[in-house]
Amino acid sequence: MKKWSFLLLFSFVALQAFANDGYKLWLQYYSINNSSYREIFSSVYIEGESSTIDAIKDELARASKGMFDEDVVESSDEGANLRIQLYDQGLRDVIPEDEMNSLSEQGFFIKEINYNGASQVLITAKSQIGLLYGTFRFLQKIQKNEKLPTYGFKDAPTIEHRILNHWDNLDRTVERGYSGFSIWNWHRLPRHIDQQYIDYARANASVGINGTVLTNVNANSLILTPEYLEKVAALAEVFRPYGIKVYLTARFSSPIELGKLETADPLDPEVKKWWADKVEEIYDYIPDFGGFLVKADSEGQPGPHNYKRTQAEGANLLADALKPYNGIVMWRAFVYSEESPEDRAKQAYNEFKPLDGQFRDNVIVQVKNGAIDFQPREPFHSLFGGLEKTPLMMEFQITQEYLGHDTHLAFLAPMYEEILQTDTHAKGEGSTVSKIVSGQLFNHSLSAIAGVSNIGSDRNWTGHHFHQANWFAFGRLAWNPEEKSSNIADDWIKLTFSSNEEFVRPVKDVMLASHEMVVNYMTPLGLHHIMAWDHHYGPGPWVTGKHREDWNSTYYHQASEYGIGFDRTAEGSDALKQYHPELEKQWSDPETTPEKFLLWFHHLPWDYTLENGEILWDGLAKRYQEGVDEARSNVEVWRSLEGFIDAERYEHVLSFLKIQAEEAEWWKNACLLYFQQYSQKPIPEGVEKPEKDLEYYKSIDPKFVPGI
Ligand code: BDP
């Protein structure tokens, strides 16, 4: 072999070793050194046969190959190092029945036991899906090099339905999607099943996600036609072994569009029959179909209002059709009217509060975390605690519509945690949003949580490698809404990159502070909805004159020579009235309002004094600067970590962090110059003066921003 070709071959091999495109997500199964765990895979007993058992075997094989370069050897139950089986009488001696009874169907128990004199690790559960979840958790422990606690380890989800919402259109564009096209290749389905569908199911199951709404809330009724149902059925078949149900968005006017009826009135007998027949047809294709997600009477979507009917009458129509098959309706509360001059933050509450108790028992109302629209930070939606008789599910946005799209690192677990842990006071102290979502507070047996997906056809699924962490975090919090962000970050980093503490520590710090950083350089102190028009990428505090008041930034920030902020007290829109009196009182006074929500609830003069004695204008400017400083420092932190991970992901992340630092500056300069026109105050010391003038920042107009 000539010297140069040898060199070429060598560098190719080296490149392979260091190349990692991130496709494997947190299921990397990278090589580790741990002889006792290596041993585990040399004799494994797995009881039973089913497609879920096959999925378990497949996962064990991948893990063993990746972490130890060994194949799994199956053995009999006796002498097995790892034993995976459903709980039965025979296991009563090692795990008492009442221990198992305390676990729900999908829970699992992992324990090191003594079986006929030999020690073995037992993974047991009441269902095969429980076994799958237990297997994933065990493999994660191995990858993180963690020991099993001697008393064993058990876990079970507290929320029943843990669902991703894809805003994917049938032409494969993704509304508010920034990482390529939809992964559902409708054109090739049902004949071609892409490996990516299987890997999608594996990733979801590994964090306990058990449902997926395949289509956009701005729905296309075509998805309910036989041609598409056949395709949906093919996906459902791939997901079934992984315990994932499929759901579809139902366009309220489908009886007209598909059924050629003259009306979609929910009280019309023909309409009822049309939906009953349609649902029967769907279940013929997909026997375990989960149900419908519906956006009605909002942003141009048809709904019961078209027929002067209520949201409850609309939801119940579909609920009755689904009931015989145990299907559910997730009816969105994101309803606001084109005509109403009412503060948008109040409209959903006004609409749904009088309907409490009128929904069928298989309806759950899906409420966004905040009442405006997935802003970088919002106070929790007043419907949480507002409705008692109706089960409510949380809708978080994982895709970063208002948080810098794919290029800005924002780890969202702290934002989700902040909302989930907020006390609504609905039934006294401790009435957290998490307890409402899990159904505990008002004793609802139906419980669910949804996350609007950030997944697309990009090779690494989510654009920014770090945004995989938001998909992961959603799953973890859906499984256990009391989970801590720092645990989630820790696990994700170790599973995705490395367990080396010198890498984990700084990366975790960056992640945990990143949401606050983005809030600081975009919308500090409770500002909201001041993004660029329509695509929402970049600053746009000057957006005004749109055909609806509440689509203008100027409506939300209300900046004038007097001051800034949206007055939601009794003197203003009185949105505060919708919260529990305890919170209403606290938040009505700017002095007792948490500063993070100050301008959300109050319109204040530019020289209002903040907690630290600074005036509002200075405090605002400094927060913008803090955000910029942190974005810049993240680039340096990341640079200091070169060599800890593969070059491919290192470089990719580095280039995104640089974009973020540049754009944080864009945000700061644009917003400060714009607001300065009103405050008429100098840029305070410690805050960098913008290099260009406001006109320059206003003229930046990125073309063809994806996701609209
Ligand atoms: C807004 C998005 C829009 C969605 C809407 C919704 O801008 O694309 O359709 O929410 O949730 O955030 O229905």
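Glycine residues also receive a Cβ, built from the backbone N, Cα and C atoms like all the rest.
Feature annotations, reproduced from TrEMBL:
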- Glu299: active site, proton donor (ACT_SITE)
- Asp373: active site, proton acceptor (ACT_SITE)
- Glu401: active site, proton acceptor (ACT_SITE)
- 25-138: domain 'Alpha glucuronidase N-terminal' (DOMAIN)
- 142-461: domain 'Glycosyl hydrolase family 67 catalytic' (DOMAIN)
- 462-687: domain 'Glycosyl hydrolase family 67 C-terminal' (DOMAIN)
- 1-19: signal peptide (SIGNAL)
Densest Cβ environment (other Cβ within 10 Å) across the active-site residues Glu299, Asp373, Glu401 belongs to Glu401
By a three-class reduction of DSSP, Asp373 (active site, proton acceptor) is assigned coil
Rounded Cα distance in angstrom between the residue listed as 'active site, proton donor' and Asp373 (active site, proton acceptor) is 12
Counted with DSSP (H/G/I as helix, E/B as strand, rest coil), the domain 'Alpha glucuronidase N-terminal' (25-138) has 43 helix, 25 strand, 46 coil
Asp373 (active site, proton acceptor) sits from Glu401 (active site, proton acceptor) (Cα to Cα, rounded, in Å) at a distance of 10
